[in-house]
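The substrate binding site annotation in Swiss-Prot covers ARG104, ASP141.
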Amino acid sequence: MTHPLQATIEELWERRTELSPQSPPTTIAAINSVIGDLDSGKLRVAEKIAGEWFTHQWIKKAVLLSFRVRDNRVQEAGDIRFYDKVDTKFEGWTEEQFRQGGFRVVPGTIVRKGSYVAKNAVLMPSFVNIGAYVDESTMVDTWVTVGSCAQIGKNVHLSGGVGIGGVLEPLQANPTIIEDNCFIGARSEVVEGVVIGENSVLSMGVYIGQSTPIYDRETGEVTYGRVPPGSVVISGTLPKADGKYSLYAAIIVKKVDAQTRSKTSINELLRP
């Protein structure tokens with residue numbers, strides 16, 4: 001079913017260079033409505049339909065257009081001041097709104113308006129960008145970056161210093177996706193629209209982009225852009241054909257088993 005604002009956003013995109021903070025109020029209201037629905041979780045940039053991820057390009061366009069129709073303004077958090085076009089998600093929130101949200105936000109966390117955080121999530125000091133979606137019972141640990149429009153599933157653990165790539169700059173066709181029940185090890189980076197299949201575990205310091213070879217030790221197969229569900233992945237190298245050098249690769253060493261789960265399971269005591 002087509003969203004009532006989709007045609008409007010597509011039309012505005014075709015004449016995006018004409019847009020400014022002085023654009024007609026109806027134009028700005030249409031864009032802000034999409035951002036508001038992203039913020040509340042009514043819309044998301046990508047969703048799984050019939051087992052496959054589908055990106056709503058028009059919503060991503062609305063996120064980009066929002067930068068055209070807003071002026072920078074001074075924002076304050078106590079004695080700290082900022083100057084930006086995007087409001088913070090929790091500006092003006094009351095204690096009751098946080099209670100209704102049902103998640104924890106530790107001091108030092110920055111979440112931009114237009115991102116969604118579901119119940120029972122925990123946000124340690126981290127950065128969650130506009131358009132991102134953080135699902136239920138997910139832990140976003142210290143110094144994690146959740147990039148623009150990234151999709152993070154349920155019961156995910158993003159360990160300290162993890163980077164999940166965004167789509168706005170450099171411009172990407174599809175968001176980076178971490179599916180349900182994944183564990184992403186400390187200082188790992190997943191970018192450029194890569195999909196990490198559900199129940200997978202990435203070891204510490206694994207880097208995966210669209211050009212990173214993903215080698216399955218069991219089958220010998222090399223793939224790109226997607227880690228199959230239930231994979232345990234470590235950093236490694238693959239030798240080149242001439243044997244003169246090796247290049248970085250992500251290595252699937254095995255499938256997740258009970259031992260793996262015992263080491264990476266979430267701790268309910270830390271949830272709200």
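Each Cβ is built from the backbone N, Cα and C atoms, and glycine gets one as well.
Cβ neighbours within 10 Å of ASP141 (substrate binding site), excluding its own Cβ and spanning all shown chains: 18. A simple way to gauge crowding: the CB of ARG104 (substrate binding site) has 17 other CB atoms within 10 angstroms, across all the protein chains here.
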